[in-house]
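Working notes for the structure below.
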Amino acid sequence: MIKKATLLTAFSVTAFSAWAQDTSPDTLVVTANRFQQPRSAVLAPVTIVTRQDIERWQSTSVNDVLRRLPGVDIAQSGGAGQNSSIFIRGTNSSHVLVLIDGVRLNLAGVSGSADLSQFPVSLVQRIEYIRGPRSAIYGSDAIGGVVNIITTRDNPGTELTAGWGSNSYQNYDISTQQQLGENTRATLIGDYEYTKGFDVVAKGGTGMQAQPDRDGFLSKTLYGALEHTFSDRWSGFVRGYGYDNRTDYDAYYSPGSPLIDTRKLYSQSWDAGLRFNGERIQSQLVSSYSHSKDYNYDPHYGRYDTSATLDEMKQYNVQWTNSVVVGHGNVGAGVDWQKQTTTPGTGYVPEGYDQRNTGVYLTGLQQLGDFTLEAAARSDDNSQFGRHGTWQTSAGWEFIEGYRFIASYGTSYKAPNLGQLYGYYGNPNLNPEKSKQWEGAFEGLTAGVSWRISGYRNDINDMIDYDDHLQKYYNEGKARIKGIEATANFDTGPLTHTVSYDYVDARNAITDTPLPRRSKQMAKYQLDWDVYDFDWGVTYQYLGSRYDSDYSAYPYRTVKMGGVSLWDLTVAYPVTSHLTVRGKIANLFDKDYETVYGYQTAGREYTLSGSYTF
């Protein structure tokens, strides 16, 4: 970790009087520019979620955490473990870069988009969420934003947790962190989660085979980490985790053919790193390996039957990141190397393929009086489509003490996935999707209210669409996204309020029709308070209407799904200094709604849990 005093000196954050009041570790951000900096110095909109937030919200999935955040819209085909799409500021789910401890999520390489319905929430210790373009820093996918899930734990001791709930939900978790001598720390986490689920396919003509069954989810997770401090300036770590998930779902059925309605996912990841932390220079070298095997099969025949499908991918990464204090700011530079290897049949690609990418980036941030300037540039050399460059720049002006205006522009891109390149309908001549984004924002601190209002536009060209007539993928799509985002947080006595509002006009720029499964308006509100040691929380979420396709009709038709207001209620009580009991009612008023046409949501659900620390 970079020493806090060094950071404060480097950025002279005392100039930002409205935003520099809190200097706790939770206000330091690494994801925005790939070097640690106070959140007040980040010009892009950023949200930080801590483990304490997740426990207070009593979230049982990563999707439940993310749906509370500004700009995030999630469409899911049912309940726990079912396929989901994350839309940030109206962009495609493939335009969201998901990192695990700064490393690209392995499963995104197969489909081209990250589905976090399978990732265990028990591993999440912190989330850094950046909105807007970040390809100039991270490369492909970072068009709508970046979600960095951090698993590093900083909570010595042992915690046992057990929970039960609706639909036969069960969760058992043990985590421990212990010192092994003066300079070594070990962490171990084990987690088991199970739910019988519910029948995810909605009743009525949806084009699906009627399967009146429960679609359950089972997940087993193991995590281990070892950290060692060699000296005041040198430290290192090694960690690994794996999870074994089984998901039941409803699928299309053809008479005389096996019914493929079960998913089995094995995933493991390992990484090791070495850090140097000088007074003015910081450097980190990280090497990682991940391997996933994703089966879809008929349980009557098993996952090794010829009717089953297997998506198998190995991913190798090496990252070298550096930053140096220059003037009143930092300059960062680094190299990313990645290799993805697939087996034959993965993503319906007949042959196995290797894809390599080497990226070189440069970032800089300077504070000049009342102005903060930020810029980044990156060049990627890909074994498939060659070299591609991106850049971005931002400027912030504190025109009155406590009030700042921010303007930014950035380019970003999305590389074609393996299925689009080499699948049965693939096109090896595809080019990356390209984006240009503009944003203007005001932020300030007024009468104890910390607020930000942003307006943005995103033009995406060369989008990869499937051509029904030519039966191939081509770069023929365009999207135009305009939006307004407003956020605020404040306290009134014992009450803590967090509010956000999003207006997103995401359209196909060729046909001028709305992009599917996105709400045009979203409003979110979180209220927390303590009364006589009871920690209460109320969550409100309004999701506006959205459009989707009805495939039960031929040709398929576009349907409009209405908006919905959802309420959650949580409470926690510390029975002793070691034992805490928690309860939650999700979807308090049992609203019936869909985010994917034809797929039901859970309705009202109850959970009760307890945790014991020692």
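Keep in mind that glycine also has a Cβ here, set from the backbone N, Cα and C atoms.
Values in this document were obtained by computation on a predicted structure and should not be read as measured data.
Annotation comment: Swiss-Prot describes 1-20 as signal peptide.
Under the heading domain 'TBDR plug', Swiss-Prot lists 38-152. Mean model confidence for the domain 'TBDR plug' (38-152) is a pLDDT of 92.
The Cβ of A251 (cyanocob(III)alamin binding site) has 15 neighbouring Cβ atoms from other residues within 10 Å, across all protein chains displayed. Per Swiss-Prot, cyanocob(III)alamin binding site is recorded for S85, N92, V110, S111, A251, T309, R517, Y551.
What Swiss-Prot lists as domain 'TBDR beta-barrel' is 155-614, and the listing cites sequence analysis.
Annotation source Swiss-Prot lists transmembrane segment at 184-195 (among others), citing sequence analysis.
As annotated by Swiss-Prot, Ca(2+) 1 binding site applies to D199, Q211, D213, D215, D250. Proximity of D215 (Ca(2+) 1 binding site) to non-local residues of its own chain (separation of 6 or more, Cβ distance below 8 Å) is seen for G78, G79, Q82, G197, F198, D199, V200, T247, D248, Y249, D250, given in sequence order.
Cβ neighbour count for Y249 (Ca(2+) 2 binding site) (all protein chains, 10 Å cutoff from its Cβ): 23. Per Swiss-Prot, Ca(2+) 2 binding site is recorded for D213, D215, Y249, D250, D261, and the stated evidence type is sequence analysis.
Feature annotation from Swiss-Prot assigns transmembrane segment to 232-248 (among others). Outside the transmembrane segment (232-248), and at least 6 residues removed from its termini, the chain residues within Cβ reach (under 8 Å) are 81-82, 101, 118-120, 123, 151, 187, 189, 197, 213-226, 261-278.
Annotated transmembrane segment per Swiss-Prot: 263-277 (among others), in sequence order, evidence recorded as sequence analysis. Beyond its flanks by at least six residues, the transmembrane segment (263-277) meets 1-3, 81, 100-101, 103, 106-107, 118, 232-249, 283-297, 303, 317 of its own chain at Cβ-Cβ distances under 8 Å.
Annotation source Swiss-Prot lists transmembrane segment at 279-296 (among others).
For 309-325 (among others), the entry in Swiss-Prot reads transmembrane segment.
Under the heading transmembrane segment, Swiss-Prot lists 403-417 (among others).
The transmembrane segment annotation in Swiss-Prot covers 434-443 (among others). Panel annotation: around the transmembrane segment (434-443), residues 19, 45, 95, 132-133, 135, 143, 403-414, 450-462 of the same chain, lying at least six beyond its termini, place a Cβ under 8 Å from a Cβ of the stretch.
Residues or ranges marked as transmembrane segment by Swiss-Prot: 494-509 (among others).
Here Swiss-Prot flags 517-529 (among others) as transmembrane segment.
The transmembrane segment annotation in Swiss-Prot covers 535-550 (among others) and is backed by sequence analysis.
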- Message: If we skip the immediate neighbours and take only residues 6+ beyond the ends of the transmembrane segment (558-572), which ones have a Cβ under 8 Å from one of its Cβ atoms?
- Response: 55-58, 513, 519, 521, 534-550, 580-589, 591, 593-595, 597
- Note on the structure: Sequence-ordered list of residues in the chain of N92 (cyanocob(III)alamin binding site) that lie 6 or more positions away and have a Cβ within less than 8 Å of its Cβ, or none, is S113, I143, G144, K414, A479, L515
- Note on the structure: The answer for the transmembrane segment (535-550), taking Cβ pairs under 8 Å and residues 6+ beyond its ends, is 56-57, 67-68, 73, 75, 206-207, 513-514, 516-529, 556-573, 593, 595-598
- Looking only at Cβ atoms, how many others are within 10 Å of the one on Y551 (cyanocob(III)alamin binding site)? 15
- CA pair T309 (cyanocob(III)alamin binding site) / Q211 (Ca(2+) 1 binding site), Å rounded to integer, equals 21
- Task: Calculate the distance in Å between the alpha carbons (Cα) of D213 (Ca(2+) 1 binding site) and A251 (cyanocob(III)alamin binding site), and round it to a whole number.
- Result: 12
